[in-house]
């Protein structure tokens with residue numbers, strides 16, 4: 001096997017797959033990358049048995065073949081070489097050795113046979129569901145939802161993003177019991193890049209369309225989506241956008257771009273019916289600068305080790321005030337100009353929950369919506385390129401002159417429905433009473449949120465109950 005390419009080409013392709021190299025491989029070959037050269041193309045692959053990534057690049061192939069080389073050692077060498085260097089790889093499979101030469105340099109790598117490398121899963125198109133999305137749509141959806149995935153791996157279904165694709169729309173959703181993020185976007189044709197009147201249209205721009213062969217709904221692990229996010233970069237609908245093919249079945253998911261393929265396992269189980277958590281109407285709304293409120297919350301959180309922030313709405317002066325009272329460090333207050341449609345109202349939030357929710361919304365202005373101080377609030381986009389994006393955050397209860405982080409046992413409710421979150425039948429039940437007894441009085445634990453009747457609310461969705469108590473942290 002023998003091929004050549006530039007250091008810049010090889011380094012970029014190698015960096016693409018490094019996320020699939022396990023930190024502690026349970027077999028030596030999983031620490032290697034698979035090199036496969038044929039027909040003027042080189043494939044570089046990595047696979048940790050759960051996540052697999054393959055990079056594709058054009059090279060000059062003299063002798064076709066395949067071999068595996070230790071990934072981190074190879075990366076350490078390649079990343080330090082001048083990008084314009086021409087690299088030449090020669091593999092002697094009988095000696096289990098690869099030789100890299102370039103401009104007076106020579107490196108020998110001990111490797112392993114390609115036949116020992118595990119094969120990445122494949123899906124026959126006839127047996128799976130498929131869709132063509134755009135990188136910009138995927139990047140936007142992941143930016144807003146990934147932060148809300150759960151970290152507790154005892155409930156694996158919640159450690160991923162729920163991706164639902166129909167003929168016209170794509171929806172992303174994630175929840176961790178403290179936050180719920182939902183993004184809805186449209187599938188539409190993308191034409192050539194817009195141009196100004198004095199610019200000539202580039203002839204090389206490619207037209208492509210988004211589509212879905214059938215409706216599909218899958219839950220994708222966040223570890224895989226974080227790697228996909230890196231591969232997507234920062235495309236927009238008018239710059240650097242490209243199509244992504246999605247192919248999946250009940251157990252595997254494949255994302256394919258022009259220069260990469262990412263394969264991962266689908267998370268098994270029924271995802272909670274999160275739509276029932278979002279109230280259909282609101283009694284109070286506040287529009288405020290996202291940059292200003294993010295900076296204010298970040299500063300004030302430094303005064304309280306529990307990071308509890310009190311938001312006070314003053315509709316007569318159109319001012320949103322934020323307060324914090326720390327027992328040991330001190331206190332702080334900031335006032336922000338805002339557009340308020342509300343009576344006098346206050347609500348408390350954990351800054352560690354509020355800050356990532358604010359950061360996830362790609363807008364210079366945010367719209368906060370409230371009903372009651374013990375009900376969840378939402379952060380929406382008053383104006384955005386997204387069709388729809390909603391982040392729902394759980395409040396903390398406030399007591400006296402200073403906020404207190406107390407267990408909330410109130411229902412998530414709207415004017416037309418009173419609902420609680422119920423875990424899927426496939427998720428093992430836990431003892432809520434034991435967990436509630438262990439919960440800290442300073443933190444809202446999902447297991448403490450039990451259904452109790454606090455008010456009489458009519459409902460048309462008696463069968464649509466999702467117990468928030470079952471959601472893990």
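Each residue, glycine too, has its Cβ placed from N, Cα and C.
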Stated TrEMBL location of region 'Disordered', expressed as one of 185-214, 215-244, 245-274: 185-214
Among ranges 351-398, 399-446, whichever one TrEMBL labels region 'Disordered': 399-446
For the domain 'DNA polymerase III beta sliding clamp N-terminal' (1-121), mean pLDDT (0 to 100): 95
